[in-house]
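Heads up: the structure comes next, in structure tokens.
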Amino acid sequence: MPPLAPLDFAVIGLNHQTAPVEVREQAAVRAGDEGKVLQHLSRYAREVMLLNTCNRTEVYLAGLQGDPLRAFESGWGRALDGHLYVHRGEAAATHLYRVAAGLDSLVIGETQIQGQVKRAWQEAHARGLSGTLLNKVAQGALAAGKRVRSETGLSDKVVSVSSAAVELAEAALGELRHRTALILGAGETAELTLTHLRAAGVQDVIVVNRTEARARQLADKLGGRACAAEYLHEVLPEADVVIASSAAPHYVLHGEGVRAALAKRPERPIFLIDISVPRILDPDIRAVSGAHLYNLDDLTAIVSRNLQSRRAALPYAEAIIREAVADLLRWHLTREAQLGRRAVALASD
């Protein structure tokens, strides 16, 4: 019988640990373009999954038909090579299992990534790009992530990117109860941000979105005022803090707009926190007197401080991952042995 084949699975990508936000935004895939990217990558593997979040862009490949690095370079070029990691076989599976469990996140233990992995797999499956191996690995990763959250305290009182942004605003402004907050965007992250602002006591929240109906839907659900993006500069002078979490394909706010808003609120600064990737707040805002601009990379200190209380759960979480990956490898070896026996039987007929 021929030797058993190794796990034909790989991941290539970058994340917050290997690339700053200005590099991550170069790799980010625009909403709606995922299908086109998947179709392109399918030339390099029989099964392909794209995981694209604010802190990572990763390509998972099963049934490889070429070099993973070449596959990534074909879509993004070589400019990002110095920030990429490549894992194969067991290491690639372990990576996805840790990602789904929130162990590889900027915010360790965060729960949003579980849904993001599930949607990435469902997108691949819907396009016929997830077969036996990718299905098994993705399902195993999701199950392992669920176990980590239910059997350890890793996700207890976990801070998310959204809550870290609100905590940063509190550190800058003090109590937020009598402050006005403006949220740019109306998606999942914007909804989480509004939830945390409400929990922090903010009474006045303005939700600004390109589609006013979507802004109104979110404002009506959690409380707030809705505003179409075309009126952003009219309401901006009211805002003490701006939290941006939109998937806009360009900067929606520049230094000149912030300068004009500050002129209408003398002696009252504006704190702006951009948790979008790509960023939608122009970095030139930093040069405006009275404006204080932050991005995802500035949240690291808050995230690290929050992790201290949950650090004891990490060894238990990692043990669950090792056990789950071992189960995957046993399945793979059994499957390969069965395929090998069939091949021998067919050859002898």
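Backbone N, Cα and C atoms are what each Cβ position is placed from, and that goes for glycine too.
Model, not experiment: these values are computed from the prediction.
Taken verbatim from Swiss-Prot:
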ACT_SITE  CYS54  active site, nucleophile
BINDING   THR53, CYS54, ASN55, ARG56, SER105, GLU110, THR111, GLN112, GLN116  substrate binding site
BINDING   GLY185, ALA186, GLY187, GLU188, THR189, ALA190  NADP(+) binding site
SITE      HIS95  site 'Important for activity'
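Positions of Swiss-Prot features highlighted on the structure.
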residue: THR53; record: substrate binding site; DSSP class: strand
residue: HIS95; record: site 'Important for activity'; DSSP class: helix
residue: SER105; record: substrate binding site; DSSP class: coil
residue: THR111; record: substrate binding site; DSSP class: coil
residue: GLY185; record: NADP(+) binding site; DSSP class: coil
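A simple Cβ count within 10 Å picks out one of the binding-site residues GLY185, GLY187 as the most packed, and that one is GLY185. In sequence order, GLY102, LEU106, VAL107, ILE113, VAL161 are the same-chain residues whose CB sits within 8 A of the CB centroid of THR53, CYS54, ASN55, ARG56, SER105, GLU110, THR111, GLN112, GLN116, the residues recorded for substrate being left out.
For the pair GLU188 (NADP(+) binding site) and HIS95 (site 'Important for activity'), the Cα-Cα distance reads 25 Å. Taking GLY185, ALA186, GLY187, THR189 as the binding-site residues under consideration, the smallest Cα distance to ASN55 (substrate binding site) is found for THR189.
Considering only the recorded positions CYS54, ALA186, ALA190, the Cβ with the fewest other Cβ atoms within 10 Å is that of CYS54. Of the chain residues outside the NADP(+) site list GLY185, ALA186, GLY187, GLU188, THR189, ALA190, ILE183, GLU191, LEU192, THR193, LEU218, SER245, SER246 have their Cβ within 8 Å of the site's Cβ mean position. Comparing THR111 (substrate binding site) with THR189 (NADP(+) binding site), their Cα atoms are 12 Å apart once rounded.
Compared over the binding-site residues THR111, THR189, the count of CB atoms lying within 10 A of a residue's CB peaks at THR189. Residues listed for substrate, THR53, CYS54, ASN55, ARG56, SER105, GLU110, THR111, GLN112, GLN116, cover a largest CA to CA span of 15 Å.
Taking only the Cα positions, the spacing between GLY185 (NADP(+) binding site) and HIS95 (site 'Important for activity') is 31 angstrom. Of the listed binding-site residues THR53, ASN55, SER105, GLN116, the Cβ environment within 10 Å is emptiest of other Cβ atoms at GLN116.
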